[in-house]
């Protein structure tokens, strides 16, 4: 059986399905556009009064979240539509995820090794981790509202992988024949997943916080948790990813000692891994420094993610170094 | 005491200054001691640490984009020739050796000083916190982030606090029973390991720096190109390049010997990734010290050889054409393999065969060895890294014999002083193309040259990084400490039993022994990364009230 062929077909299909999921989530956001829009004065008073009574004690009134209220048949319809589109989006994401898992596993079978020997394989593997993390969070913690950015990321990244980064199945160069190939890159893809979800959350945090500060939380933003809560979830993703990234860099250093006889040589990839590490260290410190919490910390997290991507794409394609395994 | 405060000129408080001393915002006088303390406080503040971390990230970037001397000196000199104005400026500010430059060192040293200043006081605080008891119960537990209460009868309230203490101890809380004006209460705290992990992480970074420093001071690393069939002895003269730390001493090199018996390579011949490396494997004989028995080892990428504290890595390979040159008098003036350096992924290899002993004219051959040669519009080049159709393309230089100066010269490049390029009768430059086994007579009776065949060479890197084990242990502790500091979630819980029906009128009910009792449980998380505080507090209250979960659900 031609695993390589089926793997490619599955991955290309996953891009299409992720794109459809993205459309579904876009429709979900669009359906919510009228929620929270200022209503005539009388009705508004009613709405806020109701909100207070229905949300008593939960503290949501102070954080600016207005409970989506059923004020009339129109809103009820909109509510149902939002939920329907959301469900369709998640269902499509599950299908896209299944396809990309088939693609990555097929690739591994075709190459008879871990499917992360070049940029194409690493991107698709890391995206499996990203979407897995997202779906897990949807299932366990109700993070369905992250659907739009995650499916966008999955579409763009997997799309880039199958078009720009694609290389045919081939064995590894001798430099990658090592047990650290398994350890180093598995850790890298899992932390990549957590950093990416964390970065998306940071963007949502900034958007939500701006709306809250202006006092104009409307549309789909009114349906996602408060900025305080998003900040907390963002922190958890980064707190998970940071030690793992530290381990990834350390494992890379150990491997480098075996492969090149020095554990740190300021190769561009190593340098950018450290830069990324330092920026995320900044994020963790900023979160506990007065005057740096909130939006500033979120911006640092996004800069960290940008550095992570540059280390992956920029360093592989633009800078020459020892980690030139893109094969593109 | 010196007044370190500066004021703008014209604002000096002269004797005829009509303004009183207190006019205007006057900063407190610090004195030099105070100034130092102020600077130290600034340096060790979190803000400064943040700025220094940013600075470190930014400072590290140019080294990845601009060629670095210690990685590829060739690319640095290329850069200097390509940018005649910018290059010297870069050189002056140390952009070609970023990671050893004063400004980069300044950033990380300041960062580590700031780190020391941050953790030393925290060590003391933590040592005290370890011995301290949980803080006493706040008056109003209802104001805590999580609060639960349960009513029980007066008889049921007996021993609630004891059960609470036992319950919390089982959950690894540090517990104390507090006697207060409102009666006894239980105060409990856990999660002390968070700060411990944080401290361990930061101290590990210091140890890591120490490990790196040890490696930089006592370590050495050098490389040597060895033609297959020949050997390498570990002494300074055998190295092509050797970089060592300041406190490294050459006599410390262990006198081992490595003979490369065979070197196998394989390249991808299929349609995908054609020419990519697939196998590098060297069979070597190792002698630990002169006179000791020889053992056979296999040296591969990712499988270095450990010899007597040093490691030997296989980091490169290439071709060495085997050439025999006869001079104009018919004597063999040179015979043997000559190391050519690969110029591209297909091992188009450049090199020079120098024959200073040829008479009447000394000779030199400069050109390329191509493992799989093609000649097309771009000139001769190799199209595959393996030797399928090897050819040697050279130009010939000749000149009067030169005096031996003993001055070292680069074996890979030709100094053409005193040499002229050989031309044929028509005045064209002589270009020789030799296949293995092929020989050619040189014009003007200068002699002949033959390509006998070719060998491979391997580049061996020998080194010792004495700080590596320290760094490894440090990074292990750093990761463990990091996990503790991010995942251990400190929490405080208080339990109080009060008389009365609500916390507000509890005081009024004092004395009424048969009045119903209220168990109050309050909880406080001292770090972000935790959920479920409310649930845990509710559960504890229910457990203490002796209710099962179903009963709780009903009430």
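Each Cβ is built from the backbone N, Cα and C atoms, and glycine gets one as well.
TrEMBL annotations: computationally assigned, not manually curated.
Counting residues 6+ beyond its ends, the transmembrane segment (A:6-24) has Cβ neighbours under 8 Å at 85-86, 88-90, 92-93, 95-97, 99-100, 102-107, 109-110, 124, 147-148, 151-152, 154-155, 158-159, 161-162, 166 in the same chain. Taken from TrEMBL, the feature transmembrane segment applies to A:6-24 (among others).
Here the transmembrane segment (A:88-110) has Cβ contacts under 8 Å with residues 2-4, 6-11, 13-15, 17-18, 20-22, 24-25, 28, 121, 124-125, 127-128, 131-132, 134-135, 138, 144, 147-148, 150-151, 154, 158, 169 of the same chain, all six or more residues outside its ends. Annotation comment: TrEMBL describes A:88-110 (among others) as transmembrane segment.
The domain 'Cytochrome c assembly protein' annotation in TrEMBL covers A:116-323.
Among the features that TrEMBL reports, transmembrane segment is placed at A:122-139 (among others). Listed by sequence, the residues of this chain that lie at least six past the ends of the transmembrane segment (A:122-139) yet keep a Cβ under 8 A from its Cβ atoms are 11, 90, 93-94, 96-97, 100-101, 103-104, 107, 115-116, 146-147, 150, 153-154, 157-158, 160-161, 165, 185, 188-190, 192-194, 196-197, 237, 312.
Annotation comment: TrEMBL describes A:146-169 (among others) as transmembrane segment.
Taken from TrEMBL, the feature transmembrane segment covers A:181-207 (among others).
Non-local neighbours of the transmembrane segment (A:237-258) in the same chain are 133, 178, 180-181, 183-184, 187-188, 190-191, 194-195, 197-198, 201, 264-265, 267, 270, 273-274, 276-277, 280-281, 283-284, 301; each lies 6+ residues outside the stretch with a CB under 8 Å from one of its CB atoms. What TrEMBL lists as transmembrane segment is A:237-258 (among others).
The transmembrane segment annotation in TrEMBL covers A:270-286 (among others).
Long-range Cβ contacts of the transmembrane segment (A:298-319) within its own chain (Cβ-Cβ under 8 Å, at least 6 residues beyond either end) map to 119, 122-123, 192, 195-196, 198-199, 202-203, 205-206, 209, 231, 234, 238, 268-269, 272-273, 275-276, 279-280, 282-283, 286, 325-326, 328. According to TrEMBL, the feature transmembrane segment maps to A:298-319 (among others).
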Close approaches to the transmembrane segment (A:181-207) from elsewhere in its chain (Cβ under 8 angstroms; 6 or more beyond its ends): 114, 116-117, 122, 125-126, 129-130, 132-134, 137, 145-146, 149-150, 153, 172, 221, 224, 227, 230-231, 233-234, 237-238, 240-242, 244-245, 247-248, 251-252, 255, 280, 295, 298-299, 301-302, 304-305, 308, 312
Non-local residues, at least 6 beyond the ends, that sit with Cβ under 8 Å of the transmembrane segment (A:270-286): 195, 238-239, 241-242, 245-246, 248-249, 252-253, 256, 264, 292-293, 296-297, 300-301, 303-304, 307-308, 310-311, 314-315
For the domain 'Cytochrome c assembly protein' (A:116-323), the mean pLDDT of the predicted model: 92
